[in-house]
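Colleague: Okay, here's the structure, questions in a sec.
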Amino acid sequence: MPRAQLELSLSMKDLNERQFRGNKFSRSPSKDNRYGKKEQTEKPIKQKCIICTNQNTCQTVRTRTAQMRALIHQNKPHEVHFIYKTLTDEGHIPSLVTYTTLMTALTEERRFESIPKIMSQVEETGIKPDSIFFNAVINAFSEAGKINEAMSVFWKMKASGCKPTISTFNTLIKGYGIAGKPEDAQHVFDMMSPDNDVRPKIRTYNTLIKAWCDGKNLIEAWNVVEKMRASGFAPDIVTYNTIIGGYAKTGDTGKAERLMLEMQTRLQPDKRTWAIVISGYCKEGNMRDAFRCVQDMNEAGLYPNIVVFNTLIKGFLDAHDMAGVDEVLKLIRRFRVEPDVVTYSHQINAWSEIGMINKCMEVFENMLQAGIKPDYQVYSILAKAYARAQDPAKAESILQEMKENGIKPNVVTYTTVISGYCSATNMDDAIRVYMRMMEEGISPNIKTFHTLIWGYGEAKLPSKAEEILQIMQDSGVTPEKETYDLVACAWKSVGLQDEAERVLNSLNGSARASVGKNFEDPTEGEVLEGINGRYSGSKNKNLVRVPNSISVNRLEMDGRFFGVRLKCSVFCMNRWQARPQLYGRIRTSSKLISVN
């Protein structure tokens, strides 16, 4: 048996345990025992901080927390975790502000699977959350699309004596908009009326309008505008931009443009307004009107910025019209607008999708010559290009190049490299890259695990695919329906339909969501229930036994402040592919309208 497969469960679990814990002992490198399995030696870490253990916040914690906040402001949330880990490894106890900052960083990185772990840690420390922390948790769940859990935290916030703020309601309204539930967003808005201390502000109205527009219900959006006026708030540029964007989303960009012209009697369209209309035409494939709007924008005294030009480039690339892209690049030079990293990343991505690595590298070199430093997204696109070209070793070399250029690879980049090896059914190297990622202090997300499961399925190793379920639990990542679907597909690939059905039946038995009343305040003394049921703590008291020795825990989070339980999300991924998709021939451009 390959070494990577033999050591998979133990090694991954060991690394996962070290991610966020400041335990009494830290792990040192493992060694073989006489049975050929790995034993872990333990060594004591530094003594606990005396000030922190006396329920005070020491100066080190304050300083490191300030550094974490600064990194978020510098758009470097991925570096926050290193400071946090160093802080806990040195024996310090994070403050509530530290946890709130970490929650913000996780949300910025969209690492939502780590939210329950942070909530559990706050409970274990005995710190009582304040409204700022509750709002950060609600925002994280809202951004993750887990609005039922966000609403459950809202009720717990009220039960704990923390008064919801205007930010709380704005976030919940936004969350329901993200979840595609504008009716529920309206319900949250209506909940504010009886509360004299928290009244809707213009941002609240605009957030609700966006929820209706995202749901493509422009009639209700206009109704909110009327209520807004009746409350003494005049629609601002954000209001109009949101509704114009709503028309563009429904495929009626012509109406969006007419509204933009009508609004000029009250407000002057800004560059974002024009960019929304131009983007709408691009998405409709109407590049002629998109170009015309650039000309009209210029004549209105608003010079197109790089956002507008990048939108045009993306539109022509989506139409496979490279001649159109060249025309836009000429306009960028004519208007003396500086290209940015997005200008080049759009082009690199387009070439990568049709498997033209040489063109990818040509654009990449042009970017470097222009003095533009590539970001992690550009490197991720390059890694994806090599992975699609069945060259995972080249994809992995991107990781080293990133480090040499001072850019820390993130979970997306590592997962892309892993997918390259999985596509080649080289699971030894896929696991090696996974271990490397963990050693770098980067936590896997659910896509990472789905990639590994898919890879083991391709390699006809369904039992290994199923082992990933337990490893996910050890990492604090909750399997979803699609996770079980992938494992079932792995069993089907070797003709074991009964095993596939067993896996799917285990999902039905362990992840059945209970239905509660989302907007009803839980009564005193009752366990808090949300639409997805309870979730309680991280002590793994409740394990659902699955055949073949796979244990899927229920991700418990019982405690004083968070009496809700996360259930497996039930949205289905119809197909999970890691193979390149080739596009048709690239068309030449039609005649373009020149811009003076």
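Glycine residues also receive a Cβ, built from the backbone N, Cα and C atoms like all the rest.
Keep in mind the model is a prediction, meaning the values are calculated, not measured.
Copying in the features that TrEMBL gives for the protein in this structure:
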| type | residues | note |
| --- | --- | --- |
| COMPBIAS | 29-40 | compositional bias 'Basic and acidic residues' |
| REGION | 18-40 | region 'Disordered' |
| REPEAT | 95-129 | repeat 'PPR' |
| REPEAT | 130-164 | repeat 'PPR' |
| REPEAT | 165-200 | repeat 'PPR' |
| REPEAT | 201-235 | repeat 'PPR' |
| REPEAT | 236-266 | repeat 'PPR' |
| REPEAT | 270-304 | repeat 'PPR' |
| REPEAT | 305-339 | repeat 'PPR' |
| REPEAT | 340-374 | repeat 'PPR' |
| REPEAT | 375-409 | repeat 'PPR' |
| REPEAT | 410-444 | repeat 'PPR' |
| REPEAT | 445-479 | repeat 'PPR' |
Colleague: How do the residues of the repeat 'PPR' (340-374) split into helix, strand and coil according to DSSP?
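Modeller: The breakdown for the repeat 'PPR' (340-374) reads 26 helix, 0 strand, 9 coil.
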Colleague: Which value does the mean pLDDT take for the repeat 'PPR' (236-266) in this predicted structure?
Modeller: 94
Colleague: In the repeat 'PPR' (375-409), how many residues does DSSP put in helix, strand and coil?
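Modeller: So the repeat 'PPR' (375-409) is made up of 26 helix, 0 strand, 9 coil.
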Colleague: Same chain only, please: residues at least 6 beyond the ends of the repeat 'PPR' (375-409) with a C-beta under 8 Å from a C-beta of the stretch. Say none if there are none.
Modeller: 78-79, 341, 344-345, 348-349, 351-353, 355, 357, 360-361, 364, 367, 416-417, 419-421, 423-424, 426, 429, 433, 436-437, 440, 442, 578-580
Colleague: Short question: which residues 6 or more past the ends of the repeat 'PPR' (236-266) have a Cβ under 8 Å from it?
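Modeller: Cβ under 8 Å, 6 or more out: 202, 205-206, 209-210, 212-214, 216, 218, 221-222, 225, 228, 272-274, 276-277, 279-281, 283-284, 286, 289, 293.
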